[in-house]
Amino acid sequence: MNLFGLALRLLWRDSRAGELTILFLALLIAVTSSTAITLFSDRLERTMTDQTAEFLAADMVISSHVPIPESWLKKATGMKLDQAQTAEFSSVLIEHDELLLAGIKAVSEQYPLRGFLKTTVSDYSAETIEHQGPPPGFAWVEKRILSALKLNLGDPVTVGEKKLITSKLITYEPDKQGDIYSLSPRVMMNQQDLPETGIIQPGSHVHYFFQFRGEPEQLAEFKRWVKPHLNLAQRILDIHEDRPELGSALNRAERYLGLSSIVIIIISGVAIAMATRRYTERHLDATAILRCLGSKQNDVLGLFIGQFLILGLLTSAIGCALGWFAQEILFTLLRDLLPQTVAKPGMLAVFFGVMTGMTVLMGFALPPLLQLRKVSPVRVLRRDLAPLPASAWLVYGLAFSIVGVLIWRYTEDFNMTVTLFCTGLALLLILGLLAHLILVLTRRSLSNLSLNWRFGLQGLLRDSRATVSQILAFTITLVAMALSFTVRNDLIENWRQQLPEHAPNHFALNIFPDQLSPVQADFKEQGIGGSQFYPVIRGRLTEINGVPVQKIVTKDSQGENATHRELSLTWTKNLPEDNKIVKGSWWPTEKKAEVSVEQKLAESLKINLGDRLLFIVGGQQLTATVSSIRSLRWDTMKPNFYMIFSPGTLESFPGTFITSFYLPENKKNYLNQLVKKFPAITILEVDLILKQFKMILMQLTQAINYLLYFALMAGFTVLFSAIYSTLDNRIYESALLRTFGANRVLLRIMHLIEFTLLGLVSGILAAIISEALLFMLYTRALSMDYQPTYYLWIALPLIGAFAVGITGRWGVRHVVNTPPLTVLRDS
Amino acid sequence: MQTQTSTTIIVTENLGKSVKTSNGTLHILSGINLQVASGESVAIVGESGSGKSTLISLLAGLDTPTTGTIRLDGKSLTDMDEDGRAAMRNQMIGFVFQSFQLLQGLTALENVMLPLELRGEVNAKQAAVALLGRVGLSERLTHTPRQLSGGEQQRVALARAFVSKPAVLFADEPTGNLDSKTGAKIIELLFELNLENKATLILVTHDQTLADRCQRIIRLDAGRMI
């Protein structure tokens, strides 16, 4: 038998007869959404990575206190990496008898390799984007430099021994470090002018940044090559290591994108399974005839799989094109929010979209199709001979394996995949049983109900296995939609809380103890409230339980970074806001020589409760016992500490105080007054970082909103097609009831009861599963605080009842008007 | 034109049914003028495609004619809406189909109870149990159609048709799906029940022997009575 030719012919006839419409739609949604989301998230991710690279002004940076060897730069050139350099140092500027400690940054011609600078000559509304720093002989300065030194734009400013003309005001600098030691207002100059300043002498405190840009493979290779050559004071910076506050936002966004993809694929998979089931049922007769005419079981199976493959490839091609357009539209919609250069769509993502579509098609469609293999040829004589359904293990096993692989692909975390997967599976099993139990109990109470209710319920009880699987299918769809919606809301809310409108935008440090009260009074006078002042004592961790820390740490770990420099130590009676004790307990009262360690550092240095840590503070040794491990949020723009000591431990050591506070743009002049009044205080302005951060979060929020709409749209479409795929039997039975005289009102009420109950039960089960999965997701995957989502318990049953009720009712509307004979004949 | 007598239960005038196809209008039935007396048994015979099934579906109010009128027990079916026709079916008509048309999810008993329940009768169960006993299926009350043989399913269908004590019973090839021995038993049962109920019987069949058992035979050819 020419199977392929026959498959094509049957496919053509079936599609003309409308037999494939639902399957085609379900598959189209799966492929379109998987292609669109894969393409979109891939492009967005690469765009975001590019953009976050702007925070470093490069793809990779080596920071060093001495110039790095020429051979390294040659190596980088050999690897076709573009290079730029900056040198940062502090210098006191004196103009018009005014003194100001400025942060000087000398940049090379190629700076910035990623991102751009913004300057203005008048006000902030007329900003210009610059792709290069100032030319030799000129300086670009922050506005505060001019006001503090009583200068106007165009006046010269002397850096060391070099006079530079202030030509522009610098308003944005991509790689402005949140580093506590580079906080003074900026003067940017050209690197060529640096020798003439005479500032750089052997032993000067200069921070060099050697920046590189290139292809990921070359960068990775260079990184591998250069790592062993680095000395203790040299570090490689990249976005995930260096800017944890951005890293976590991006990570969450990436995980959300991944979650959305899984959600849409699961929803579509459910629809494909239901549509294929309907397709199979409608092809039992044709199969019996083929079998009767001598087709072997495998021929029949090959014929239908062949049809599905052809259908899958054709639909995938269309879905890919639609997916491509959909993501293009998304990027067009997001044009104003995204950086000007958006990463190109990756062909691999298109390929992955098709592969996902085909895998999902086969994974969800194969088990129902296999049923056709078992059709007995005797069916041509006895139509009621239905083949045994495919083994439940096969049906659910295959679908679940695919979902498992997809979760693993997106989370790349085996433990989490297993946890999510097992939780979902266990819940489905329990709820399947629960749904079954509900049906059994309903059957018992049936005789006491009115005719409408009895007939409506009988619709559900007739084939309880099919009803349970329908309930589970709707439940999965509703769960997927609920997760998408809730996680998105909480993610955005979480970001909003993280950066409230008046988030601190300045740090003040080096406040000496005798200035603490006057500064606090000054803040109060200016209406700056709510700031907490922390003492800071510099100290180095040297031993853990008598073992030198250098022997404990691994190369390039957080622990290593923390141990080869001095840490800011503090002490406080109360646990700072945003800190949480994860192990041990906070000291209740004054208790000497105890220390609370930040969780990640503790993990990196393998510090446990009860360990004795030895610090060198101001040349003296200090031992403290670990009494708690804390988790904290680095992204709050508030002072955070790796080590917090119990009161009474550090008081005898000399220290200063640090605080963070919010100052609106129009009160910026207060900074000058503050610095004048308390010259020792150092002010760190983090407005720019905050602005950048807020912009990125806004973009992510928008992107996530669009994804949510997409997921919800897919969810509802699939819900509708899933209901449609269950209508055949209902239409037939309704026609039969009408033959015996059931009137339209009875049928309508009956259908409404049947579908609404189906949706209601699905909604209630969906609320239970969503709550459990949200708990797992928040605590394990997204590291967010879990709060019970009460609204889901009301919304899901209502949405389920309404959506399924209305759609089902609408789907069978014709049956009450079509002559019953037409339906009975067709059956 | 025949005149309507006081015992006439079905009267049609110029009854016709046509459908539009891509090759123009197809006339399935045309110019059917028919009177059936109450308690009469009528066989409708004819070749395949002659319009037999269409005629009984029109007479039973399962479908609507393109032309002409139908009066059932003096009431015009053609002037009724679907709910009106449904009510008429429920009150006056019983059906037996070639392919049984039992609801797969219901038991034999539930299938038989169905017409009475739709009518809102309270003692549906007793009546159904009694009638299933009459057709010899007392032991099969809780079986679903899948668990019954073809002959048994058709007996359930007969019980369902007569449980509501219909004035008219329509049977569309009632033995078409059965072997001759089982078919003969079913026909015996059908005529016995019909006699007991004094119902009017309208039967569509290919089987001349079966047709001969009826008081009158109507032949259809290409949609016309001959």
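Cβ coordinates come from backbone N, Cα and C, glycine included.
Long-range contacts of the transmembrane segment (A:20-40) within the same chain, counting only residues at least 6 positions beyond its ends with a Cβ under 8 Å from a Cβ of the stretch, are 11, 14, 257, 260-261, 264-265, 267-269, 271-272, 274-276, 278-279, 311-312, 315-316, 318-320, 322-324, 326-327, 330-331, 345-346, 349-350, 352-354, 356-357, 360-361, 365, 703, 707, 710-711, 714, 717-718, 721, 724-725. The annotation transmembrane segment is assigned in TrEMBL to A:20-40 (among others).
Positions annotated as transmembrane segment by TrEMBL: A:256-275 (among others).
Summarising the annotation, TrEMBL assigns domain 'ABC3 transporter permease C-terminal' to A:260-377 (among others). This prediction places the mean pLDDT of the domain 'ABC3 transporter permease C-terminal' (A:260-377) at 77.
Residues or ranges marked as transmembrane segment in TrEMBL: A:304-326 (among others). Remote same-chain residues near the transmembrane segment (A:304-326) are listed as 3-4, 7-8, 10-11, 14, 20, 23-24, 27-28, 30-36, 39-40, 276, 283, 287, 345, 350, 353-354, 357-358, 361-362, 365-366, 369, 372, 710 (criterion: CB distance under 8 Å, separation of at least six residues from the stretch ends).
Long-range neighbours of the transmembrane segment (A:347-370) within the same chain, counting only residues 6 or more positions beyond its ends whose Cβ lies under 8 Å from a Cβ of the stretch, are 23, 27, 30-31, 34-36, 38-39, 42-43, 265, 268-270, 272-273, 276-277, 279-280, 301, 304-305, 308, 312-313, 315-316, 319-320, 323-324, 390, 394-395, 398-399, 401-402, 406. As annotated by TrEMBL, transmembrane segment applies to A:347-370 (among others).
Residues or ranges marked as transmembrane segment in TrEMBL: A:390-408 (among others).
Taken from TrEMBL, the feature transmembrane segment covers A:420-441 (among others). Below 8 angstroms of C-beta separation, residues 400, 403-404, 407, 411, 460-461, 464, 467-468, 471-472, 475-476, 761, 765, 768-769, 772-773, 776-777, 780-781 of the same chain, each at least six residues beyond the ends of the transmembrane segment (A:420-441), sit close to that stretch.
Annotation source TrEMBL lists transmembrane segment at A:467-487 (among others).
Per TrEMBL, the feature transmembrane segment maps to A:703-725 (among others).
TrEMBL lists A:707-820 (among others) with the feature domain 'ABC3 transporter permease C-terminal'.
Under the heading transmembrane segment, TrEMBL lists A:745-778 (among others).
Positions annotated as transmembrane segment by TrEMBL: A:790-812 (among others).
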Test of understanding: applying the rule of at least three C-beta pairs under 8 Å (pairs 6 or more apart in sequence), is the transmembrane segment (A:467-487) touching the transmembrane segment (A:790-812)?
yes
Provide the three-state DSSP residue tally for the domain 'ABC3 transporter permease C-terminal' (A:260-377): helix first, then strand, then coil.
97 helix, 0 strand, 21 coil
